[in-house]
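Let me begin by handing over the structure; questions about it come next.
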């Protein structure tokens, strides 16, 4: 199997079917398996598989879709066993292996698109109006005045959906069209991956593989990663048990081998990874939900207005029926009352903005393009831009309250480097605290051997080793131990040596020793060879004592016991640390211990504890050589980004499959945890114990429960399983919400999705999940907003996300590393960013503001833009169409309209269409520099106080007042009528055109009052709309009879524009309407100023340094609201009465190493012999060079 795309079991290529070999088994959440069958042994880097899959693997988006809908994943019954037959494909039944993240197919687009569009209340309503207008003698506005705009809206929305979904299809096609090799009908075939259900690679000969026959009986598909039960039956051989150690899960990456031999067990939805996936929901923003609710309320208001108009018409006819001989009388019966209701519904239906939805579609699409085009979010190394995979959630980015983040690849780079060490009491690697002039005299070539970006940099160590320093022997022994005591496998590539390791920490130590001249060159099953100081040394490996978080990692080499153990210092730097020690053993001591070791290795009960006791008898009286400090490199500017997000009142939860110690270590490094912050650690084994400790912690918090406190909650996956129980879930959530930071460790992908779903359903706040790996897809799909990071781990997270940002890690220079200068390193060692002149350093700092800019800038801008666009659309519709209600009081509720019917239809589509676009596309509350400089501004959009039902109704009431003025003031101006030239008198359209013009002018100027950021597009939208109506009015008045449309409008422009009353009202009426808004805005900005007004004032004054009052200072001109400073958690003054709360400094090194695996580390190191060359050229003939690449 060249690439692991599905769950598979492994076979041995040496045909030792009765003795299947394995190298390790799952030990970490998300770790996979190792297999045999390459040129030597095939290593699967399980430490990163589910957490960090490679780019050619598929993910949980391969859900079968019916009519474009993702179906809920069915948890298959484990009791339902299955049988897989070898080399008999017709007997096997597998799910489709292709993936699909698209919403539509060619056949499902039209019905599904129409269903989605008409599931929106506004579109369904206008479809209803269009149908009503086709009834004869019912519609006062014609048959097609609603149909035409509705068709335009559906067409524009459909084009937008097609464009967005086409991008999803392209991403799916990129994965599904990858080539792979399968054995079919005794021949190798190169096929597309989506068609591959059996994936193998060459054994000794193709004939040998094709003659293989048998079957695998195993459990049915299930969601349990660390369990698998099966039996392999090969013809002519005894049955062989198959367990989780032989299973490679979807998302596995091969290392140390070119290929493996695999048998497919589960595919598609049945893979364990897919069984851990969650249903992909149709996401809608909270702003859209509020808007839909408001549309329903307006519809109810429309019904009330229609009912009132019908009743008013009946009363008016009863009172004035004798005098209105020119109106045909109708008898008041149920039939006529029903028709009147329908007539008034059609008359007032434009109260609901028909253009709102299409306006939002276009606005959001262009906002998404701004995200895609943002050069500040452009990762130039790979030429990857940020990508908005959907535009429906743009404004949601400005309301995030809870951020759920993966650790590996998101907060950290998963790159370990040796930063410091201490040998014989001397600390090396800390250049920031001392100046060594002698070190600078080293030759540049020698300095380059120990100086690399972010790596160990202290020439003093080499000088002490070279100049016979008193600690020379300790230094030599220390570096020798680093080269010998590990499970790393060297792999030669020409003159270079590459190191493969299941533990990145071990690789970092070996690489660090190599930089210092101690090179690990060869491993055989019973020895290791190193080159040091110009000589070659070979060490015989007698035994390997297993590593654990509580014990040392020890190798007995000849009769010297080398040890790396867990130190309790160097914590102030938050580095991964290990003690390095050794002891000389006599032959008798070793043989005596070996007898005890063999006895402990064969006991049946409590074997692990027996081995631990045996280890303890020899791990004594060590001579401490020193300690190492390894940095788990954070992504650039992660601490600064987290600090900004915390100031923006965004709570950050870290959900990881890594160790608890590692998660705590990283949380301190990225400043998520700080100082002496108490840590509530939940590590229990039962439901009762979990319930007890959670309830006790809630009681201890007392009145502080539910409020944010300066606490940290740390929980592992085993405890979380009990914490999510129905009896405990409520208290657990209350406890978690009471903490400033939450760390969830050892989680499965499904648990990540469950905890996101818990907060999403029970807390009225917007959630965002960000990750880069396949195991993050579930939480990305579950959260309100999912952000994927495209990097070394492929496109799984990206393809299932709503927004994708480029690989966060800065790159440059050789080998994919940043090209830092010596001056840059000095700044870095002083724990501050390099100056702007540091070139690549500046670029790396800038590009890691991806998430920060996505939320604090694009999110805030989009929220202001979308909400202003919606409020304005409601305002301008109410202003115009409520006038029909006022006019009904004058025309006896006859259903007569005061405006031309096509002018009514074009009001939203043409004459007032530009101002909403300028507000939704060009508006800025303040500059991006200010938004990044003052993250507290984010709380304005986060709280949603600027857009809710209350704000909507205030805007509607304001529009109601404006419509009242716009109708009655011109009406009173023309109350006594006027005689035009030629003796003609005016009609109702004369008044209607007066009012219509004043409405257009008023609503356009109102858009100017709402505009905070003026530019040429703002001017074009406001003044251009007014000019557009006047030009149209002039042309429209002369269309008939050339074009048989609206004969009643003929010559209206000649009557209106020559009337002095018109020009008088042109200036007075809009002024009267808007003066109240100007006064209210001035009073509010003067007496009730917010941080936003302060920032905008300083920007307008062109002040570059915005020295806003700090927390301890108060400005008399600034409101004392929470916006003035970042929300601070409650100081924790709680006395906890349980031992789950840790008030001290964190302990433990968080050293990353495989623990408690299905095989021992001794079996691992004895499985490799790097002295034997690896056969490379015996791959199947069907495997082309392109496929190899």
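Easy rule for this one: first residue shown is 1, then count along the chain.
Using N, Cα and C of the backbone, Cβ positions are placed for all residues, glycine too.
Quick paste from TrEMBL:
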- 1103-1117: compositional bias 'Basic and acidic residues' (COMPBIAS)
- 1118-1127: compositional bias 'Polar residues' (COMPBIAS)
- 84-147: domain 'P-type ATPase N-terminal' (DOMAIN)
- 846-1088: domain 'P-type ATPase C-terminal' (DOMAIN)
- 1103-1130: region 'Disordered' (REGION)
- 112-132: transmembrane segment (TRANSMEM)
- 144-163: transmembrane segment (TRANSMEM)
- 293-316: transmembrane segment (TRANSMEM)
- 336-360: transmembrane segment (TRANSMEM)
- 878-899: transmembrane segment (TRANSMEM)
- 951-969: transmembrane segment (TRANSMEM)
- 989-1008: transmembrane segment (TRANSMEM)
- 1020-1040: transmembrane segment (TRANSMEM)
- 1060-1080: transmembrane segment (TRANSMEM)
Between the transmembrane segment (336-360) and the stretches 293-316, 951-969, 989-1008, 1020-1040, 1060-1080, work out which stretch tops the count of Cβ pairs under 8 Å.
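Highest pair count goes to 293-316.
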Could you break down the residues of the domain 'P-type ATPase N-terminal' (84-147) into DSSP helix, strand and coil, giving a count for each?
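Split by secondary structure, the domain 'P-type ATPase N-terminal' (84-147) comes out as 27 helix, 4 strand, 33 coil.
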Residues sitting near the transmembrane segment (293-316): Cβ under 8 Å, six or more positions beyond its termini, same chain?
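The answer is 121-122, 125, 332, 337, 340-341, 344-345, 347-349, 351-352, 874, 885, 888-889, 892-894, 949, 952.
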Which one, 878-899, 951-969, 1020-1040, has the most C-beta pairs under 8 Å toward the transmembrane segment (1060-1080)?
951-969
Which residues of the same chain, at least 6 past either end of the transmembrane segment (1020-1040), have a Cβ under 8 Å from a Cβ in it?
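Same-chain contacts beyond the flanks: 900, 903, 906, 910-915, 917-918, 993, 996-997, 1000-1001, 1004-1005, 1007-1008, 1046-1047, 1049-1054, 1056-1057.
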